[in-house]
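Q: To start, I am sharing the structure in question, which I have written as structure tokens.
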Amino acid sequence: MFARAIIALGALAATAYAQTNVTLTNNCTYQVDPAFYPAVNASDGSTTGGFPLDSGASANVTLDPTYSGRIWGRTGCDADGNCLTGSCPGGENCTGPAPAGPTLAQFTLDGYAGLDYFNPSTTDGFNLPVTITPGPGCSTGPQSCTADNEGTGCGDTSTCPTGTSYTISFC
């Protein structure tokens, strides 16, 4: 009996500290530079505030178990991270949020009652279409901002069970 309780607690602890996988997909005909505030974990294990993503490419990042922050796409960026839209402090590797302008993908993981809270938003502006698609285990469909305050779920907060993976598509 005691051994079962220890195993159950170990499984619960492992679940509580699991990171969330996010796939970023660039469906635009131009480069998009995803930005993150606060920073996220890149696939190579480093921490990043942003990087370039070529047209047609995808990249994976992980969010810490209680991540609460914003992800957005920057456009027209040069090698130093100076962008036409979505620029942020720190250049390519953002160290602060973008000023008004970009379409946002906002997340609060494990926010309350074992749920992740997320939404695409044009609260700060619109620069490109953004869609958040939850992975298996979540009954919520894709949520998108296709124009300023337009789209399925644009600006509306949605929920999924904590531990759900997500895909963020630009364009």
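The first residue you see is number 1, and the count goes up from there.
Note that Cβ sites are derived from N, Cα and C of the backbone, with glycine treated the same way.
Pulled the feature table from TrEMBL, pasting it below:
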| type | residues | note |
| --- | --- | --- |
| SIGNAL | 1-18 | signal peptide |
| DISULFID | Cys77-Cys83 | disulfide bond |
| DISULFID | Cys88-Cys94 | disulfide bond |
Q: Taking each of the disulfide-bonded residues Cys77, Cys88, Cys94 in turn and counting other Cβ atoms within 10 Å of its Cβ, which one has the fewest?
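A: Result for the disulfide-bonded residues Cys77, Cys88, Cys94: minimum number of other Cβ atoms within 10 Å at Cys77.
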Q: Around Cys83 (disulfide bond), how many other C-beta atoms are within 10 angstroms of its C-beta?
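A: Result for Cys83 (disulfide bond): 24 other Cβ atoms within 10 Å.
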Q: Rounded to a whole number, how many Å is the Cα of Cys77 (disulfide bond) away from the Cα of Cys88 (disulfide bond)?
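A: So the Cα of Cys88 (disulfide bond) lies 11 Å away from that of Cys77 (disulfide bond).
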